[in-house]
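S.K.: Take a look at this one; I'll ask things after.
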Amino acid sequence: MDSTASVQIDEQSTEKGNMWVLDQKLDQPMEEEAGRLRNMYREKKFSSLLVLRLAFQSLGVVYGDLGTSPLYVFYNTFPNGINDPEDVVGALSLIIYSLTLIPLIKYVFVVLRANDSGQGGTFALYSLLCRHAKINTIPNQHRTDEELTTYSRHIFDEKSFAAKTKRWLEAKAYRRKALLVLVLVGTCMVIGDGILTPAISVLSAAGGIKVDHPKMSGDVVVVVSAVILVGLFSMQHYGTDRVGWLFAPIVLLWFLLIGGIGAFNIWKYDSSVLKAFSPVYIYRYFRRGGWNSLGGIMLSITGTEALFADLAHFPVLAVQIAFTVVVFPCLLLAYTGQAAYIIKNQDHVKDAFYRSIPDGIYWPMFLIATAAAVVASQATISATFSIIKQALALGCFPRVKVVHTSKKFLGQIYIPDINWILMIMCIAVTAGFRNQSQIGNAYGTAVVTVMLVTTLLMILIMLLVWRSHWILVLIFTVLSLAVECTYFSAVLLKIDQGGWVPLVIAAAFLIIMYVWHYGTVKRYEVEMHSKVSMAWILGLGPSLGLVRVPGIGLVYTELASGVPHIFSHFITNLPAIHSVVVFVCVKYLPVYTVPQEERFLVKRIGPKNFHMFRCVARYGYKDLHKKDDDFEKKLFDNLFLFVRLESMMEGCSDSDEYSLYGQQTERSGDSQLTETKNILSLNVDTVTSSGDDSILPVKSPLMVSHLLSSSGQTSNQTETDELEFLNSCRDAGVVHILGNTIVRARRDAKFVKRISIDYIYAFLKRICRENSVIFHVPHESLLNVGQIFYV
């Protein structure tokens, strides 16, 4: 059943009178109720042997993209041929120092330390900043959330530079919005990277066919590349876990072969290229006008951002060992060997990689190169899925289907809609450009933009999270921006030669993401402003002025406090309401995961005879709601546990408040009850019939039930009656009441706002997944209540 109401919302805040003060007293938000599980998420310690094994495995997941760059770097650096052999030495010198400054120093030894409990990428950095400053544009967080085990943050000295930076960032709304737009730009460029990496990697690898058969048409290479891409994207639904065991050996063999071939070419052709380790040749290279070729040289460090985004399942030490021991030396040998070959064979620069391979291993090397290109593409596609999932969780992407592909690894996901969009766009880019040069220009634009975004976010991380000295921040900023801005200025010159592609892709996704986020914020704001007064609810009496029919009504809302307007709209249009009403709020927090033991918060709304509760289910940006197949069962388990503990605390308390976090109670006797209090970390106000909210953290039901039974405490008659009443209502039936909130722009709104809300946001809302599908609500138990809000 759908019923609709039109509500005019004034965006200007109204004067708060006595009724507002009364309402705040009657319906307070969740207090600090989630006790810490102190030892659950300590940093894991790994044995030396395990670290080495993880370092080996990280090769296949983290370094595939960076390792395939030798396929196309020199061709994109000299697309029009070589005029002077010394240009090759200058380009090699730039490659050497770019690899040293960006992947090695900046990322491997600095940026990787800025991970969010092992999670990498632009949204992981943003989540760290959201926990250390109030910059989240959806204000649905509460201090209760800060008590989560995974919600780690630092407390600033008010006079510190970090505190000043925090206040500066929070002072103006436009600064918070600018930071969000910066993160979204980086995210959109990562999506563009997910389109361009498979295109250039597979096309470059498949180009080996034409090297051995020069008379073959270029169309054949494009067709072969398209077939490989279709196969690659068609396999995504299996997940990397099932085929991942092949990745590490392939990539390790790839690195050893390109390193060995490079060393052989240095010895065979021209060992004088080793003088490129002198930075003097960089200066000479620029003097001869090498600026225009920087876009090609920058491709040598592509895949560095994927290195950070794919960090999730490996300790930082393992990733650092893999890079310094295998990846870095092998890449240096590969590029140096190619340079030695090119100096003696300047006409072969277009196919330098394949032509420098000894004849005896040409075709095995071609097969390994193709496999390595597929691995590199897989890593980038997985990173794209991951970052879109993070954006979706933080309200910055339309609701899409997310499939969890691994039971062992939380971060391995598959997004069907995005997968097919990536495939179509990737094939279009491959068939449209047909050569590596223009794709390389586009690729470079996307990569250097993501690096600049990471640098700007790292500046805030160093100030707010690490509280580094300003001199260290300045050194990091100058070194990073000096290299990246230089490359950025070079790729801007290639905008008309293919560099426009990632800009168009990023602009399209940026509009989608920002408009969706804007609409989400507006919808949350109007629901906050239109929520029902608790005084009005209490004035209706225990029956709420209606017939209370057997059953439980689960009212889904985005509000973590207060009674949503959907409820008043419902009861004013229907003559009956369920005997028990539970307001369910599912919200995502800027943490990578919320432990199961801390996921649910339960509270009572109003006096006991109202039988109204609120349950807040909290998730991190890596958590999947679909994993909770028994979400409804867990919700009721925690609700029943809340009633038992609430009753027990009423019967045993001789004061208004319990001590928390393991403090010894002064009451004598019953040590088991004291243990129960300490483990649960309770901070409970004694429940009265005045309508005040009672607040209780809910931990593991099995653990608490065991403690309660072993303590010998028996439930009083009130508790037994209420539990029996709740069980009978549950048996009578559960109805899921979902609000279908529609926002519309007012007639006097600006043109851009009307276009954004009435057309773009409305279209995205129509084509995205419904909440009933996301929450897995059975169709026969679903009740939609529609509302229209004008903003």
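Glycine residues also receive a Cβ, built from the backbone N, Cα and C atoms like all the rest.
Annotations per TrEMBL:
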type: TRANSMEM; residues: 46-68; note: transmembrane segment
type: DOMAIN; residues: 54-537; note: domain 'K+ potassium transporter integral membrane'
type: TRANSMEM; residues: 88-109; note: transmembrane segment
type: TRANSMEM; residues: 178-200; note: transmembrane segment
type: TRANSMEM; residues: 220-238; note: transmembrane segment
type: TRANSMEM; residues: 245-269; note: transmembrane segment
type: TRANSMEM; residues: 321-343; note: transmembrane segment
type: TRANSMEM; residues: 363-388; note: transmembrane segment
type: TRANSMEM; residues: 409-431; note: transmembrane segment
type: TRANSMEM; residues: 443-464; note: transmembrane segment
type: TRANSMEM; residues: 471-493; note: transmembrane segment
type: TRANSMEM; residues: 536-556; note: transmembrane segment
type: DOMAIN; residues: 550-788; note: domain 'K+ potassium transporter C-terminal'
type: TRANSMEM; residues: 576-594; note: transmembrane segment
S.K.: Are the transmembrane segment (321-343) and the transmembrane segment (88-109) close, by which I mean at least 3 Cβ pairs under 8 Å that are 6+ residues apart in sequence?
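M.R.: As far as Cβ distances go (cut-off 8 Å, pairs 6 or more apart), the transmembrane segment (321-343) and the transmembrane segment (88-109) touch.
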S.K.: Please tell me whether the transmembrane segment (443-464) and the transmembrane segment (178-200) touch - that is, whether there are at least 3 C-beta pairs under 8 Å between them, with each pair 6 or more apart in sequence.
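M.R.: The transmembrane segment (178-200) and the transmembrane segment (443-464): touching, yes.
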S.K.: Counting Cβ pairs closer than 8 Å, which of 178-200, 471-493, 576-594 has the most of them with the transmembrane segment (220-238)?
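M.R.: Top-ranked stretch among 178-200, 471-493, 576-594: 178-200.
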S.K.: With a cut-off of 8 Å between Cβ atoms, can you find at least three pairs linking the transmembrane segment (245-269) to the transmembrane segment (409-431)? Only pairs 6 or more residues apart in sequence count.
M.R.: no
S.K.: Any chance the transmembrane segment (178-200) and the transmembrane segment (471-493) are in contact, meaning at least three CB pairs closer than 8 A with a sequence separation of 6+?
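M.R.: Stretch pair does not touch.
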S.K.: In the same chain, who gets a Cβ under 8 Å from the transmembrane segment (576-594) while lying at least 6 residues past its ends?
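M.R.: Beyond its ends, the transmembrane segment (576-594) has Cβ neighbours at 116-119, 124, 126-128, 130-131, 136, 140-141, 145, 148, 150-151, 393-395, 410, 544, 546-560, 563-564, 567, 570, 605, 611-623, 625, 635, 639, 725-726, 729, 732, 735, 775.
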S.K.: Which sequence-distant residues neighbour the transmembrane segment (363-388)? Criterion: at least 6 residues beyond either end, Cβ under 8 Å.
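M.R.: Distant contacts of the transmembrane segment (363-388): 60-62, 64-65, 67-68, 71, 121-123, 187, 190-191, 193-194, 197-198, 201-202, 204-206, 208-209, 212, 228-229, 232-233, 236, 240, 247, 250-251, 253-254, 257, 261, 303, 306, 309-310, 312, 353-354, 357, 397, 400, 411-415, 418-419, 422.
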S.K.: Limited to the domain 'K+ potassium transporter C-terminal' (550-788), I'd like the whole-number average of pLDDT.
M.R.: 70
